[in-house]
Each structure stands twice: as C-alpha cells, then as structure tokens.
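What follows is a short report on a single structure.
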Amino acid sequence: MPTVVIIGAQWGDEGKGKIVDFLTEKCDYVVRFQGGCNAGHTVVVGDEKYILHLIPSGILHKNKKCIIGNGVVLDPGGLLKEIETLKNKGIEIDNNLYIAKHCHLIMPYHIAIEEQSEKKKKIGTTKKGIGPCYTDKIARNGVRMIDLLYPEILKNKIQANLEVINFLLKNLYNAESLNAEDIFNQYMNYGDKLKKYIADTDILINEAIDSGKNVLFEGAQGSLLDIDHGTYPYVTSSNTVAGGACTGAGVSPIKINSIIGVVKAYTTRVGGGPFPTEIKDELGEYIRQKGGEYGATTGRPRRCGWLDLVGLRHSVRVNGFTGLVITKLDILDGIDKLKICVGYKYGSRILEEFPKELEILENCTPVYEELPGWKESTRGIKNYENLPDNAKKYLQLIEDSLKIKIQIISTGQKRDEIIVKESPL
Ligand code: GDP
Ligand code: IMO
Ligand code: MG
C-alpha cells in the first residue's frame with residue numbers, strides 16, 4: 001500500500017503530526033497539500049519538541065523527501081523562520097525539501113486585511129492570512145512561488161493588488177496603507193533564499209508513486225473545518241478532507257491506496273463556531289490542562305468536549321476513511337464516567353446525521369451514551385492486550401458505531417508511546 005493520506009477527523013489538533021512522524025519511518029516521501037502556517041503539528045522525539053507549521057512532519061527523519069504541494073498557501077517569511085529553527089536543532093533541510101511552483105504566497109496585505117476583517121466578523125482565525133490568500137487564489141489575483149523568479153511579473157501583481165487593498169484599508173477600515181516597493185523588495189529577498197527548493201512537485205510525487213515508493217500525505221486542520229464540508233463559516237479556507245490531497249498535490253484519486261482518519265479520544269476546537277459536545281465546567285478545564293490543549297500556533301486555549309460520533313460519521317462519509325487512529329487515550333485515564341455523543345436532540349427530533357444548518361448545530365443538545373472510565377494509566381502502553389478493559393470497550397464502541405477499524409492507538413506524546421494493531425504501511 002504505497003500511498004496513505006492522513007486526515008484530521010474533527011476540528012484539528014487531533015495529533016496528525018505525531019502520527020505522520022511515526023509513519024514516516026516506513027515512507028520515502030511526505031507531502032503537505034493544503035492549509036498553511038495556521039497548522040501547528042507537534043512532534044516529540046526523545047526530549048526534544050518540534051512544532052511544524054508548513055514543513056511536513058516527516059522532516060525529522062533522515063533522508064525523507066518532504067514536499068510542500070501546490071494546494072498549500074505559503075508565508076515565505078514564516079517558512080524561512082521554520083527552516084532556521086529546525087536547522088539550529090540539527091535537522092537536515094536543504095537536500096530534503098521541495099516546494100511547488102504553484103503554491104500561492106501569503107502576502108503582508110493578506111494578514112493586514114484579515115486583521116481588520118476579524119474585528120468586524122469574528123471567526124477566530126489564526127490571523128495568518130490564510131483566508132485572504134485563498135480568496136486571491138480563487139479570484140485569480142494570487143502571487144505564486146514561481147513569481148518570485150520573475151521580478152517584472154511579481155512587481156506588477158503586487159502593484160495591482162495593492163491598488164485595491166490600500167483602497168479598502170484606507171476607506172473601509174481606516175487603517176494604514178502598505179507600500180508596493182517595500183513588499184516587492186522583501187519578496188525578492190525571500191525568492192533568493194527559497195529558490196533552491198522550488199520544484200515540479202507534481203512530477204516528483206507521481207514519479208515516486210509510479211516507481212513504488214511509499215508516499216504519505218499529511219493533512220492539516222480537520223474535516224469539520226473543511227471549507228465545503230465543515231461548520232461554515234466557522235471553518236478554514238481549504239479542502240481539508242481527503243480529496244484535497246489529490247488537488248493539492250496533483251495526484252489522481254485512483255492512486256490513493258488508503259485514507260486514515262486521526263481521531264482524538266475526545267474533541268477539541270479552537271476559535272469560534274458550534275461545538276455541541278463542549279464541556280463548559282471544571283471537567284473541560286481538567287482535560288485542557290491534562291491534555292495540554294493550547295494552540296500550537298496561537299497559544300489560545302482549546303475548547304474541550306466529549307467525543308462526538310455524529311460529527312465523526314459525517315467525517316467518515318466525506319473522507320472515505322479506510323482506517324482510524326485514536327490519539328490521546330491516556331488523557332482520559334482516571335475520569336470516572338465517560339460520555340460519547342451518539343445523536344443530537346433538536347426540539348423533539350433525534351438527529352443521527354450531522355446537520356447542515358448552523359442554526360441546528362448551535363441549538364441542539366447531545367444525546368450521550370455513558371461508559372465507565374478506567375483508573376489505570378494507559379500512558380505509554382504499546383500492546384493492545386495491556387489496555388484496561390474499559391478502555392477497550394470505549395474503543396470498541398467507536399469502531400462499532402463508525403464501522404471502521406482502529407489501526408493505531410496513541411498513548412502518549414512520544415514516538416514510541418503507541419499501539420499498532422494493523423499498520424497502514
Ligand atoms: P496536530 O495539529 O493534529 O498535529 O495536533 P497538535 O500537535 O496541534 O496537538 C496534539 C497534541 O497532543 C500535541 O502536543 C502532541 O504532542 C500531543 N499528542 C499526540 N498524541 C498524543 C497522545 O496519544 N497522548 C498525549 N498525551 N499527547 C499526545
Ligand atoms: P492543525 O493542522 C485547529 C481554525 C482556527 C479558526 C478557523 C479558521 O494544527 O490541526 P484560519 O486561520 O485557518 O483561517 O482559521 O480554523 N484552525 C485550526 N484549528 N487546528 C488547526 O490546524 C487549525 N488551523 C486553523 O482556529 O477557528
Ligand atoms: Mg495542531
């Protein structure tokens with residue numbers, strides 16, 4: 001099975017980075033295909049903690065090719081910082097990183113516009129310029145990685161875009177204008193530093209697949225944050241579901257062998273938007289503290305709640321998961337009674353499917369199945385048989401309801417704190 005797509009099944013931060021890092025051992029290539037530095041993928045190797053934003057989480061292994069695909073929106077300044085941080089920790093980058101020519105670039109005016117629009121219409125974004133950059137991409141005004149190699153084209157695009165942006169900044173938002181010349185010089189400088197990584201990544205990836213290499217596709221964000229299938233407008237601006245791997249890397253759907261959904265053993269969400277199973281009392285705070293549920297990119301506290309099978313069923317459908325990974329099981333150790341949401345109650349109706357209407361999502365109440373917790377620590381358990389019986393029952397309920405096999409269970413932050421029931425590679 002040479003191609004595996006790793007997807008967040010909830011609202012992000014499911015532990016995709018840890019799983020990608022773990023599976024990279026058996027891979028040759030790791031590809032990011034959407035999102036940008038709104039992502040924060042934490043990987044712990046030994047005593048060292050790494051937070052990857054744009055660079056695929058496979059980079060921590062030696063000699064693995066890491067690709068930033070065309071579907072990613074890339075902040076060159078952010079990427080250079082990330083490269084420097086990793087290099088300072090002894091990670092080899094220059095021989096292993098490739099960036100698609102068609103990656104759209106996040107420009108200072110994207111961040112400036114988002115800063116202002118978030119004041120008026122609060123989504124609770126990461127303020128990394130993601131939405132405005134994808135807006136320009138779809139409006140066909142975007143600046144792409146390859147433009148950094150063509151100064152005239154770059155200059156003209158920046159000037160044309162700033163005419164509109166500066167009008168908005170001045171007249172709509174009463175904010176400071178930006179200078180085209182400054183941005184041009186800054187981006188020419190970025191181009192000088194990044195040009196060695198620019199490549200025809202679609203060709204690289206397809207050649208790798210055709211020659212039987214193992215290729216991992218690393219999703220960012222989560223399926224419920226998908227621009228089409230998530231809780232719109234409280235979503236990110238890309239297709240975070242499995243289909244995004246094909247468009248965002250230039251790979252045919254028939255070349256994808258398996259799609260793994262990463263599910264946190266409970267649910268978290270950062271930013272605004274409906275969250276039916278959110279726990280608003282001290283138990284929510286307890287989980288936040290124990291699970292270290294603070295944004296890896298923004299440091300914001302993550303909202304915490306019970307596992308939601310209604311949302312997950314939707315996620316299973318729109319992704320076509322072939323297997324599941326459950327992470328952070330250890331965080332539930334010691335909780336007396338656990339709840340899993342099996343339906344939503346709205347008025348007199350019980351809903352089993354994730355509603356499309358925001359109004360319903362915001363006003364429904366979860367229907368829970370209660371399970372007894374377990375007292376034993378599951379931290380670091382590597383063998384399924386050694387899990388407490390009640391933990392096995394918790395996992396079994398997920399497997400039975402979603403009708404998808406749980407292939408991997410993560411029991412801690414570290415690489416080897418993991419149970420592999422059936423390896424996807
Ligand atoms: P991602 O964005 O999906 O990669 O997830 P994040 O890195 O933002 O958040 C997941 C957090 O949980 C990180 O701090 C991981 O190190 C940590 N983590 C991942 N798996 C486990 C696990 O099984 N147990 C515990 N305790 N922590 C985990
Ligand atoms: P990883 O890859 C969790 C959320 C933001 C906000 C919404 C839109 O680490 O799982 P954006 O800046 O993308 O326009 O914000 O999406 N969000 C994430 N939440 N994990 C992420 O990434 C996220 N990336 C964006 O909090 O609600
Ligand atoms: Mg994250």
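Glycine residues also receive a Cβ, built from the backbone N, Cα and C atoms like all the rest.
What TrEMBL says about this one:
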- Asp13: active site, proton acceptor (ACT_SITE)
- His41: active site, proton donor (ACT_SITE)
- Lys137: active site (ACT_SITE)
- 12-18, 40-42, Arg302, 328-330, 410-412: GTP binding site (BINDING)
- Asp13, Gly40: Mg(2+) binding site (BINDING)
- Asp13, Glu14, Gly15, Lys16, Asn38, Ala39, Gly40, His41, Thr126, Arg140, Gln221, Thr236, Arg300: IMP binding site (BINDING)
- Ala296, Thr297, Thr298, Gly299, Arg300, Pro301, Arg302: substrate binding site (BINDING)
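Structure with TrEMBL features highlighted.
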| residue | record | DSSP class |
| --- | --- | --- |
| Gly12 | GTP binding site | coil |
| His41 | active site, proton donor | strand |
| Lys137 | active site | helix |
| Gly299 | substrate binding site | coil |
| Leu329 | GTP binding site | helix |
| Thr411 | GTP binding site | coil |
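Remark: of the binding-site residues Gly12, Gly15, Gly40, Gly299, Pro301, the most isolated position is Gly299 (fewest other Cβ atoms within 10 Å of its Cβ).
Counting only residues at least six positions away in the same chain, the Cβ atoms of Val73, His104 sit under 8 Å from the Cβ of Lys137 (active site).
Cβ proximity to the substrate site centre (mean Cβ of Ala296, Thr297, Thr298, Gly299, Arg300, Pro301, Arg302, cutoff 8 Å) flags the following additional same-chain residues: Gly40, Val270, Tyr294, Gly295. In this structure, Lys18 (GTP binding site) is part of a helix by DSSP.
Taking Asp13, Gly40, Gln221, Ala296 as the candidate recorded positions, the subset whose CB lies under 6 angstroms from any atom of ligand 3 consists of Asp13, Gly40, Ala296. Proximity to ligand 1 at the level of Cβ atoms, with a cut-off under 6 angstroms, picks out Lys18, Gly40, Ala296 from the binding-site residues Lys18, Asn38, Gly40, Ala296, Arg300, Pro301. Only Lys18, Ala296, from the binding-site residues Lys18, Ala296, Thr411, place their Cα within 10 Å of the Cα belonging to His41 (active site, proton donor).
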